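Asker: Look at TrEMBL and you will find GLU465 tagged as active site, proton acceptor. The Zn(2+) binding site feature in TrEMBL is assigned to HIS464, HIS468, GLU487. According to TrEMBL, the domain 'Aminopeptidase N-like N-terminal' annotation covers 173-358. The domain 'Peptidase M1 membrane alanine aminopeptidase' annotation in TrEMBL covers 392-610. As annotated by TrEMBL, domain 'ERAP1-like C-terminal' applies to 689-1008. Positions annotated as site 'Transition state stabilizer' by TrEMBL: TYR549. For 111-131, the entry in TrEMBL reads transmembrane segment.
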Amino acid sequence: MESFPHGRIQLPRNMIENSMFEEEPDVVDLAKEPCLHPLEPDEVEYEPRSSRLLVRGLGEHEMDEDEEDYESSAKLLGMSFMNRSAGLRNNAAGYRQNSDGSCSMPSTRTMVVCAVVLVIAISVIMVIYLLPKCTFTKEGCRRKNRTMELIYPIATNGKIFPWAKIRLPSNVVPLHYELVLQPNLTTTEFAGFVQITVKVIQVTRNIVLHSSRLNITKATLTSAGGRRAKPVEILEYPMHDQIAVVAPDKLSVGQNYTLTIDYSSNLSDTYYGFYRVFYKDEQAQKRWFAATQFEPLAARSAFPCFDEPAFKATFLIKIQRDEQHSTLSNMPKKVTIPVTAGIVQDEFSVSLKMSTYLVAFIVSDLKNVSREMNRTLVSIYAMQQKLDQVEYALDATVKFLEFYQKYFHIDYPLQKLDLVAVPDFQAGAMENWGLITFRETTLFYDDKTSSVMDKKLVTAVIAHELAHQWFGNLVTMEWWNDLWLNEGFATFMEYYAMEKTFPELHTDEEFLKLRFKTMMKDSLNVSHPVSSAVQSSEQIEEMFDTLSYIKGASLLMMLKNYMKNYPFQAGLQDYLYSHSYGSTRSDDLWDSMNMITNGTLDVKKMMKTWILQKGFPLVTVKREGKRLSVQQERFLRSVESENWTSDASSLWHIPLSYTTSNCSSFLCPYAYLLDQKSAVIELQEEVKWVKFNVDMDGYYIVHYAEDGWTILIDLLKREPTALSAKDRAQLINNIFSLMGVGKVSLLKAFQLIDYLEKENHPAPITEALFQLNLIYNLVEKRGMHSLTARVVKRIKTLLQSKIDQQTWTDDGTLSERQFQSTLLTFACSHGLGNCTTTATKLFTEWKHSNGTQSLPTAVMKTVFTIGAKTADGWDFLLDMYASSISEAEKRKILEALASTEDVRKLIWLMQTSLEGDAISTQELPHIITTVSQSLSGHLLAWDFVKENWEKLIWKFHLGSYTIQNIVTMSTFQFSTEAHLHEVKAFFESKSEETSQLRCVKEAIETIELNIQWMMRNLAKLEQLL
């Protein structure tokens, strides 16, 4: 690896060095252009003026048979426009210019002609107005069976493109694809040939499908049973990634046709589509690798296709390759035949019916280990030198496959299941049917270097992707607005399967933390419903967020707990059986659940209140004797006014759960469905306290009015174990959330966490550290060192005894070791006790052994982070990063390198990762996130994002989860008006699509909330500490 160039890194020009903590930077780069706000995609489909043509009176899908050819219509419109233009010129000629430059009055003849023309025009308008059944509107007179005027775009060859919508028409559907590809990994070019068997549903001459950056050289169409292929015209409209195949004759309804297309293209240099990356083998030689990532919209960049989830078909895939490579695809390899000297063709079995985004193929020279499980061959593919790190993944895959088949009562339908570690991969993994692709860190586990968190990560990702083989692959959402049916289900099953299969991992605590973080996002005004209307590619990409994944999973868990396990499982089984190999909407799931509840619970009515409106409820509880008054409203972190108010129109059907001081384990928790704004619950007896949302199983937070919080605070101080660890963590989360909107005082929140001295469970302590760290980060980034020291002192008072109990070994349960890592990381970060001394000693011994001495995995990252604080230590870690073959170790080293206070090293790290040679570009988002968290790095990270924005959105795609994360993480700690204006100005200076990204709006709203929090609470915090 190229060594770090000491002294040669130039600081970014926009970095604020001497005044980085001032309220107002000296210079604010304001945008020159205002932000544009387009209509919602459901209201209108916008086309650039240069690429559209107005054609009046056309039907929604096709022109009527008695209409003229659309090209002729265009010519007529063009002539009409020219005639109008000529008329204007002629009218202008009616005025004569005198020699002195002044204009004389027009002649009498000219005025008479103009008057006659005016009378005729008025007469025509009156006749049109008085026609029967015609309304004189801007739309004109509508004919029967005609829609409002449509805007038909212009194809690349200047002709009218016969389809104006982003989504494809349904008049032709695909049945089968035969795809032949020949990629050249050296030149990055590939040639393709596809035969698509389609069925005609409605009479048409046009077959509209997707194609993106493909050079189409030949296209023919053959009818079923026809012997002669007829050439067809291809019209291209790149803005929608669409092509139209114009047949020579009308296509008959019910008839099958075969569309054959020859084309060529280049392997992508992004992480999208059919792309090429490299890795280094055991001899450090560069080797090329081609893989696919088609979800959501990239299959069209590898072959012409109907690239929407609902257009399912079967696939026969053939790949021509060099003899030294091997190939993989969704189905087992059927035969290999020679093509030319050194080139062979692999043919795979015909696939099951599936969506285009699940098609996958890989060209590489990977090795594998395999195991047979119930007639399914499970294989893990990886580079030869890393193959010994896949054994745990193979074991976990077999266990999850067995669990899911039993739980769903549906066998995994393919003969093989391949899990492939891709050396350079943007996503964590991708669920391609039968060929799941992974980032190496999510598939490799090494006993010597992998921590408990590493093990949880590998286990969780495998569980998630295997769940997709049923939810997403077997049954697929119809359109991307219901992405949660795929991702929410897979996330829910991921944690449920781990709880049942690997209980020692305690992954329910990880799910709890993710729910807390998701609710922070969902409480923003910019949040969106789980099921949201989407059209554009950016909108579709943005659906891949924590709301689709974690909120979707949380709602399913809440429903399961309310319905109970068996009815919920039966509902899922009915859903999968009824819609196998098909596409669904959310209502299809609720209908299956209602089949099971059989009228005892209207699941559809209940769950629509959760998926069709954004946000979540705040339930306020007042206790008066045996009466519990409960009231719901939307919980919204608002910057509108000092006095917090909720959206009065929001109403959820909330399955409340609660426990009391007198509750026996046999009866608890109690349940109550709150389907109105307010209600009264009658208790059977007087109680000392009541706690709602037991174990945080519901997706809502709770405010205990009047003395409710005081009673619970006293309970925690006296008898904390009277409530479960999840309940204690939830109380901490809820009171700090309510403090943020002014419902509870800062003092009250700090009074609640005083009990932590008696706390021994990781979940509440971890949540308390998270909430306090949010406060610490805000005041630290303002340069308020005295106040940050007092925040740390307060935490130290609460947790010092726990920190002192921690050892620097891998002893204890998995949960205890993870807790150990959390506490020691905090202690070393703030120089508490002898943490830094011990970590430095361990790092020195490891360095002197040239990295061969084992370190406890639980504290390895902490040791590396302390070691990276010195120049020698940082350089040594960089060398170890280059030579290590353990992905878990490399990840920890990279985080340590990105935690240095040396700004030149931080800039070099980000720039080197962007270039992608010494450090893979897949690591760049993680590096930016790590850099942005430190005092020395948070301004650097933002400057880097600004200066490299175009490169970032080219590599990772606008709207993608990676871009969402980069935008929010590089700005979330800003809390000044100057930074607010700077962030706004930067994104407003970019494209309209960029400024309207939800993550951009989220970043701006978060900064506004940070500013508000500091204004409201800073003085109180200083007084309190």
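Glycine is treated like the rest: Cβ placed from N, Cα and C.
Nobody curates TrEMBL annotations by hand; they come from automatic prediction.
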Asker: Of all the binding-site residues here, HIS464, HIS468, which one's CB has the most other CB atoms within 10 A?
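Answerer: When each Cβ's neighbours within 10 Å are tallied, HIS464 tops the list.
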Asker: Using the CB centroid of HIS464, HIS468, GLU487 as the Zn(2+) site centre, which other residues of the same chain sit with their CB within 8 A?
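Answerer: Going along the sequence, the neighbours appear as GLU431, GLU465, ALA467, PHE471, GLY472, ASN486, PHE489, ALA490, THR491, MET493, GLU494, TYR549.
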Asker: How far is it from HIS468 (Zn(2+) binding site) to TYR549 (site 'Transition state stabilizer'), counting Cα to Cα, in Å?
Answerer: 12
Asker: So if I draw a 10 Å sphere around the Cβ of TYR549 (site 'Transition state stabilizer'), how many other Cβ atoms end up inside it?
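Answerer: Neighbour count, Cβ to Cβ under the 10 Å cut-off: 24.
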Asker: Please report the number of other Cβ atoms within 10 Å of the Cβ of GLU487 (Zn(2+) binding site).
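Answerer: The answer is 26.
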Asker: Within 10 Å of the Cβ of GLU465 (active site, proton acceptor), how many other Cβ atoms can be counted across all chains shown?
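Answerer: For GLU465 (active site, proton acceptor), the count of other Cβ atoms within 10 Å is 27.
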Asker: Quick check for the class: what is the C-alpha distance, in angstrom and rounded, between GLU487 (Zn(2+) binding site) and TYR549 (site 'Transition state stabilizer')?
Answerer: 5
Asker: Please average pLDDT over the domain 'Aminopeptidase N-like N-terminal' (173-358) for the predicted structure.
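Answerer: Mean pLDDT, the domain 'Aminopeptidase N-like N-terminal' (173-358): 96.
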Asker: Can you grab the distance from TYR549 (site 'Transition state stabilizer') over to the residue listed as 'active site, proton acceptor'? Cα atoms, rounded to a whole Å.
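Answerer: Rounded to a whole number, the Cα-Cα distance is 13 Å.
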